[in-house]
Amino acid sequence: MTVITRFAPSPTGFLHVGNLRTALITWLYAKSNNGKFLLRIDDTDIKRSKNEYISSIKEDLKWVGIDWDVCFQQSDRIAKYENAKNNLIKAGRLYTCYETEEELALKKKSLLSRNLPPIYDRASLKLTADQKTDLESKGIKPYWRFLLNNEKISWDDKVRGNLHFDPKNLSDPVLIRTDGTLTYSLASVVDDIEYRITDIIRGEDHISNSAIHIQIFKALSSEPPNFSHISLMTTKDKKLSKREGDFSIKELRKNGILSSTIATFFAKIGSSENIKIGKNTKKLINEFSFKKLSKSTVQYDYNELVAFNIKVIHSLTFDEIKNYLNSVNLNDIDEEFWLSIRPNITALQDIEFWHKICKKDIKTKIVNTELISLAIKLLPNTKFDSNTWSIWINNIKKHTKLRGKELFMPIRLALTGKETGPELRDLLPLIGRNLIIRRLNDLNN
């Protein structure tokens, strides 16, 4: 049997690192089994779903290296869900309910106050046809719940082992709201049946949903797929949220995090393997196994991601960085330039910064006018190479009593405006004699 998996984001916000990790693990599992990966857009929440988010989610997935065999949107399949709804009604597995949100909240509060689980009491099942008609005549619109049967629910979870649920400990789930819109469960199961999904991989917060979904699958005369529930990701302080920009893939891209960094980091975080530099997804596919994933909550630290990204950047060859340079119109950067600045790059935007310092007119700092005047006079009048700096600085040293930082720091600040950066012996040939003279003269004037 061909393995078929799916990733099902809701386009109510930008893709965040928690969802990206789920997508990546799902994709790696499919590819490691020569299977298929489907992208399902869960856009039945019409009020909050936006095309902007759909486009962004697709773009981010492609950027990380995740491709898909099929993509579809739930909003295009409403007729399919209506048909399933009617079948469940005929089978006696959907029933109307009339409690308001306030009434349900009071019931829940009452149960919790008595240390009882907040399980729906099925009061609406006891209503007569006349009572229902009376409620609806008063303008009370019904919502629909799925009637769980007494059959014990169990499955062999590929991450968590054997899981068991007694339906008595679960509330009959709401499948259709009072306005006729669907909740997550019915549409999800219908899609999984039609697209022959063999494996569902999602966060551990969906474990009870999976128990309910197994009964919905069977009620629709279908065999449930395999389920795997991966650990949730948190930060030191809180649970991740798609609505927090700090955790969105869009924000990470803006901050200069590489796609290969993200793919490797989130494929390995929460596993038994160390996070090592990787520049393509093929190795990740070959190394993937559910057995390597931890059952414990995974802690995400943005600073660790940044530190790992710096390691990846420092490993990049000129050929590997060329596409990025072309994308930001830095076509005049050659291999010598890249190798000179690479140890000082902590994010991709730094490349543009050092390009500006070496190629453009910039305002720098002067802290010793007399020294800069002398430096201009003693600047070698030959083609600049890796020896130019030592010749120049030694010559300046002979004419002054300055040594160490007092000698070179004013020159570094005059040339770059920064106290740190690439070695000046490497920068001088990149900046060039003409620009150096112009920059120093501008300061001196």
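Cβ atoms here come from the backbone N, Cα and C positions, even for glycine.
Those TrEMBL annotations? Automatic predictions, nothing curated.
Listed ranges 9-19, 196-206, 251-261; the one TrEMBL annotates as motif ''HIGH' region' is 9-19. Record note: among 239-243, 269-273, 379-383, 394-398, 239-243 is the stretch given as motif ''KMSKS' region' by TrEMBL.
Break the motif ''HIGH' region' (9-19) down by DSSP state and the numbers are 3 helix, 1 strand, 7 coil. Mean per-residue pLDDT, taken over the motif ''HIGH' region' (9-19), amounts to 95.
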